[in-house]
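Sequence annotations record features per position, and here Swiss-Prot assigns active site, schiff-base intermediate with DNA to P2. Feature annotation from Swiss-Prot assigns active site, proton donor to E3, K58, R267; the stated evidence is sequence analysis. Per Swiss-Prot, DNA binding site is recorded for H97, R116, R158, and the stated evidence type is sequence analysis. For 243-277, the entry in Swiss-Prot reads zinc finger, with the evidence type sequence analysis.
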Amino acid sequence: MPELPEVETTRRGLAPLLEGRRVTGMTVRQARLRWPVPAGLPDAITGQTIRAVDRRAKYLLFRTPAGTLILHLGMSGSLRVIPGQQAGACAVPPGRHDHVDLRLADGSCLRYTDPRRFGSLHWCTGEPEAHWLLHRLGPEPFDTAFDGDRLHRLSRGRRTSVKAFIMDSGIVVGVGNIYASESLFRAGIHPGRPAGRVGLARYRRLAGAVREVLAEAIAAGGTTLRDFTASDGRPGYFAQTLNVYGRAGAPCPRCGRSIRQRRIAQRSTWYCPGCQR
């Protein structure tokens, strides 16, 4: 699943190609995604100019004067801009999993592809931050509202694992399975430790590790494991620097002990039994 760095990489690739462009039409070939594509979406967005391409958590926000298109890539979704197309339709024929085309006045086309169809498109005419998908989300990991003190305060009395705790989007957004494992390794915290038994100093270290890991992943263009490529088709390269994720049995880069794998909160988890306590 594309996580925050992958979605931010997509946003950065799309913004200069879409901002200031007028939408001339929308084709929906498959409306049955995680939630059905709103029947009125093509009419609502046609004629609108995309003012900004933003991100909130793992959602892309295409802001126009009339409303905001909120898009989630789901498990395997991707977006790419096909340049210089014929008027009225994308010149590149759609493939089996190309479900939505957004046509632009300069002849280009934004194409949404989703083999597993777990993504979604929504139209919001009010403040998108108040939309039911977004209004309960926690702070962004790079916001000043996110720090170790917040983690420590919200974790008191919680018996859930610290890994599940930092993956809770109500606590902080964008820390998915890959980056939770990597952040906990950097902070030296065992992923199965109860969240309420992690002290303030360690939470401050963990908050810093989360920011570092996510910033490095964004700079590397995300992590390509199976489905993800950036909007220009290039893979992400953060996978080349993973310390524990997906490395069961390999030596820890710090202490040399074998990386272990176990399921925590229904998710595969990797950690070093020597470095993480």
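Placement of Cβ uses the backbone N, Cα and C atoms for every residue, glycine included.
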**Request:** State the Cα to Cα distance, in Å, between the residue listed as 'active site, schiff-base intermediate with DNA' and K58 (active site, proton donor), rounded to an integer.
**Result:** 8
**Fill in**
One finds that other Cβ atoms within 10 Å of the Cβ of P2 (active site, schiff-base intermediate with DNA) number exactly 25
**Item:** Surrounding residues of the zinc finger (243-277) on its own chain - C-beta under 8 Å, 6+ positions past either end
**Value:** 160-161, 163-164, 167, 177-178, 181-182, 184-186, 188-193, 225
**Prompt:** Any idea of the Cα spread of the DNA site, H97, R116, R158, as a max distance in Å?
**Reply:** 42
**Complete:** With the fewest other Cβ atoms within 10 Å, the residue among the recorded positions K58, R116, R158 is R116
**Item:** recorded positions near E3 (active site, proton donor) (Cα-Cα within 10 Å), from H97, R116, R158, R267
**Value:** none
**Entry from the recorded positions list E3, H97, R267 having the most other CB atoms no farther than 10 A** = E3
**Request:** Write down the Cα-Cα distance for K58 (active site, proton donor) and R267 (active site, proton donor), rounded and given in Å.
**Result:** 19
**Prompt:** Under DSSP, is R267 (active site, proton donor) helix, strand or coil?
**Reply:** strand
